[in-house]
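Annotated features, as they stand in TrEMBL:
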DOMAIN    53-303  domain 'Cation/H+ exchanger transmembrane'
TRANSMEM  66-90  transmembrane segment
TRANSMEM  102-127  transmembrane segment
TRANSMEM  169-186  transmembrane segment
TRANSMEM  192-213  transmembrane segment
TRANSMEM  225-246  transmembrane segment
TRANSMEM  252-278  transmembrane segment
Amino acid sequence: MCARESEANTQQTPAYNSSSSVRGLLYTTTLQGHTVCLRLSMFPLTCEATTMAVVSYLILGLPWVWGFILGFVLGAVSPAVVVPSMLLLHKEGYGLEQGIPTLLMAACSVDDIIAITCFTTCLGIAFSTGTVWLNVLRGPLEVLGGAITGVALGYFLRYFPSRDQRNLVLKRSFLLLGLAMFALFGCNVAGIPGAGGLCSLVLTFVAGIGWGNAKAPVEAVVERFWHVFQPLLFGLIGAEVIITSLEVTTVFLGIAALFIALTVRLLITFVVVLRAGFNLKEKVFITLAWMPKATVQVYLSSLTNRPSFLLCLYLLLGPSRYFRQV
């Protein structure tokens, strides 16, 4: 009797997980899900960036423009931490009823787009050579241009090469990596570096949707490239940090400023999800999950004096590992 009940429960578990996953996905497509995603991606970021700008002006003595540059660098959520963790939780069946993994992954993408746009705008103002309005509009125009170009290239990869060709997986993988690299370095040469990273992400996303289940072999090829270049990526990022140039006072003041900004971010994140239909544990989990800082911060900080080679490694091979989940 117990064995039959156990067998019946085992047979019902996949269906339950599937229905829970569908309900969680439907939650993110509803009006409430959209508003929560937008609130989660906008308000914590802007509040943390503003707090960091004020604190860095008062404590570190930075100019306002560089304070906001620092704020938007630190305000971005790192997908290198959030996305793999959410995919693992989704695979294990946690949070599917409320769509928490899907919500956080979607909001993470929007959060990074907003952070990179604002960072590019502030960086353009700091090194401005033209009018103020041109520098302010440059960031949004770069994002818009990168998104449109990425959609066009993604649709191109959907239909070329055709499905009846030989070595289809190899050709798709080569074109995917090649076009993403061309977008990154091409935009950098054209003087619009903010458009290249978003273009590579969008074209991967659009191509993955068009390929359907056939994208899994391409993902496996990209993942092999990731295993090769991952040590190089983090080695180069570590080389960007010059420890000998750091002063002890600056380090402790920076830690204090970071602690203040993170405290504000945690409070705002908790307030944002108060009326989103989550229980207390889910609210606390979302609040803590919205805190990670990793490779995005190191990469963006290196943009002030480095070319976009690190971007090629991170945006080209990093997020592309997960486009099988599209």
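Glycine residues also receive a Cβ, built from the backbone N, Cα and C atoms like all the rest.
Listed stretches 66-90, 102-127, 225-246, 252-278 were compared with the transmembrane segment (192-213); the greatest number of C-beta pairs under 8 angstroms is found for 102-127. Same-chain residues lying 6+ beyond the ends of the transmembrane segment (102-127) with a Cβ under 8 Å from its Cβ atoms: 24-25, 27-28, 33, 36-38, 40-42, 44-45, 49, 65-66, 68-69, 72-73, 75-77, 79, 82-83, 86-87, 90, 135-136, 138-140, 142-143, 193-194, 197-198, 201, 286, 289-290, 296, 300, 303-304.
Panel annotation: around the transmembrane segment (66-90), residues 21, 44-46, 48-54, 56-57, 60, 96, 100-102, 104-105, 108-109, 111-112, 115-116, 118-119, 122-123, 126, 258, 261, 265, 289-297, 300-301, 304, 314, 318-319, 322, 325 of the same chain, lying at least six beyond its termini, place a Cβ under 8 Å from a Cβ of the stretch.
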